[in-house]
Amino acid sequence: MASLLLRLLLALTAATATSAGRLVPYDLLYADGVRAYLAQEWPRAAELLQRSLHSYAGLREARSACRRACRDEVAFAQGPAAPWEAAFFERVLQRADCLQHCLGRRLGGSPSAHRVSHAIQRDFEQREPYNYLQVAFFQLKKLDQAVSAAHTFFVANPQHLQMREDIEKYRRMSGVKADSFRDLEATPLWEAYEAGVQHYNADEYLEAVARLEESLREALSALEECRTLCEGPWEEEEEQEKDEDQEEEKEDMQPGLYEAIAAHYVQVLKCRQQCVIEIATKPGRISATEDFIPSHLDLLQFAYDQGGNKTLAAECAASYLLFYPMDEPMLEKMNQYHTELGKDKAVKARENIQHYVQRSLMEKRLIYYAVEHLGGTFNDPDLWTPDELIPESLKEQQREDQEKQKQETLDMEEREKRGPLPFEGITVTMDSQQMNGTQRVVFDQVLTESECRDLLRLTKAAGGTGDGFRGRRSPHTPHERFEGLTVLKAMQLAQNGDVDWKDAKLLLQASEKSRKIIESYFTPGKKLHFSFTHLVCRTAVEGEQEGRMDLSHPVHADNCLLDPEGNECWREPPAYVYRDYSGILYLNDDFQGGGLFFTELDTVTVTAKVRPKCGRLVAFSSGKENPHGVWAVRSGRRCTVALWYTHSQEHAEQERVKAEELMEKKAAKQDKLDGQLHQGEDHGSSSSQESPMPSDRARSTGRRHKPSSQGTQHPKELRPRDEF
């Protein structure tokens, strides 16, 4: 929706025209602007991108204004004054002629020159030009304009991770004022609505009715503008790329006059019905506010009632009942108002709301008739649509679809139950389908609460080591303190008496248990070796969280280098190309933030989120199919065991081999001590077992890798670490 600011700019500048009165198509300006951006011609890029935004707003305004004007100028006649077909199509032709002349006059050229691709249209709907503009303005050292452009883009794209970082940088820059963070596309609708709801929740009812009435007016006005813009060209549904044979077949199957008219008209009706979703969706949000128009009337009824204006309260109640005529609480209020105002006082619904409901119901009837008799689908945006309006055949289809979906869910759950997990009690909480990806899974109950506490004790005892990331305290963000512990370091600390042997041994056992689970689930029969094991904590730095916009760990893939611009991930050094699977074993959840999320290759589109929980294991393949990151830890301390695996034995984790050898020596020493105690016969019940879990696995693994063979088979190498 074009903003008031852009409309003013359109009126004040002639920069969008190459000659007086001519509007240059916005897609051409946008393409030239992006080319200038890529060539780092910043002044030209900024000018062209601004002009494209002005042209986009101007085109929308021209189309909307002309369609309103021609609707009034060439109205369809009431009554059979002439044979209906001739009379009807005469007005159709006259309105088409009116639109052509009006748009040609306003645009300064042929309207067909302003038809753009869906991709360009989506860019402008998603405010993509502002993404380029902020960089261009920054390079031109126009900081205030750069910040405004960045903020405008970010409002509509709050999940854009790079822009989050840019916004955070702008906040830290000297000279940037708070009012620079303004939305250049802001509309009065949402400011009024949110202010009205705030006043309502604060019991400030006089202020609430003023802002909610303003919001309702803006919503109905925006709805009308959206509806006029629905009267565009016929749009094919998902039929962009076809070969020549398909095109010829399509030409042979072109619909006749009335079929073509019906199809296009129904498309316009569906678009008009969806307008309520568009206006009820705040920029940056995915879901619309439910019952946007009726909810205004509901809030206004109560606010007017509490403010003592029973007449307007009754009017809002009557208007609300047009949507929900059987709503018992509102019917009770209407009876109360009739009593208080007197039986002779006529209480009527608002005329504009009556018109809105009657028009919407008429359109729904036509759409449902078309769907039932001509085919197609319709996603009704309204909760208040009367049940009797929906044809019985469509209701039956809806029930069948629901049953089918329910059965598919049961089948999927049954398949998951048959999964070959090597341990009892472990559950599959989410699989790849539920996580909107491939090679992803979430297991629960891998560790008990007691085991989580023991491993957390290990992290606290070793928290000062800074191990695992070259001693750096904040490798990814200055807002968090990083602490890591490798399995070898844990064993060395246990050997020195700094931590309990049982806790260090549990780290080995928990990671091995996770390996077996992941191996059996993803690669049964194919051995997975440890690539790296890391007990790691991230602690939010107090006093450093206000205004924070960055991530705890930026989006990345574990065995390739992400290229979001090219929509690719390059499996080449310095990436850990030998890694095949990754795992994160959570130890706690008593912190804020720190959740794992997966994205598309663009690093922006979030496809799945995972909430931390003691004993929860997230496992996934390490490649391009699973880019992932970690939300900021805003308070508290987040601890996990991060795990990476490989099918390549030559890249097996050497520190783990040494850690298991230390564990083997400790077990042998304990066995020898136990034997001496038994020989003395005066200590018949020594405590030889350090953990309820058996230690034979650690000993057998240690014997397979003797120190004498390590130097020849696996020479030591220094590898940088990018671990969680």
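From the backbone N, Cα and C atoms, a Cβ is placed for every residue, glycine too.
The model shown is predicted, which means the values in this text are computed figures rather than measured ones.
Sequence-distant contacts of the coiled coil (202-229) (same chain, six or more residues past either end, CB-CB distance under 8 Å): 1, 60, 63-64, 67-68, 71, 187-189, 192-193, 195-196, 272, 275-276, 278-280, 292-293, 296-297, 299-300, 303-304, 306-307, 309, 312, 352, 356. What TrEMBL records for 202-229 is coiled coil.
If you look up TrEMBL, you'll see 233-251 marked as compositional bias 'Acidic residues'.
What TrEMBL lists as compositional bias 'Basic and acidic residues' is 664-684 (among others).
Residues or ranges marked as compositional bias 'Low complexity' by TrEMBL: 685-695.
Taken from TrEMBL, the feature compositional bias 'Basic and acidic residues' applies to 714-724 (among others).
Feature annotation from TrEMBL assigns domain 'Fe2OG dioxygenase' to 533-647.
Taken from TrEMBL, the feature region 'Disordered' applies to 231-253 (among others).
Residues or ranges marked as region 'Disordered' in TrEMBL: 394-419 (among others).
Summarising the annotation, TrEMBL assigns region 'Disordered' to 664-724 (among others).
What TrEMBL lists as signal peptide is 1-20.
Predicted-model confidence for the coiled coil (202-229) is 95, expressed as mean pLDDT. DSSP labels the residues of the domain 'Fe2OG dioxygenase' (533-647) in these numbers: 0 helix, 56 strand, 59 coil.
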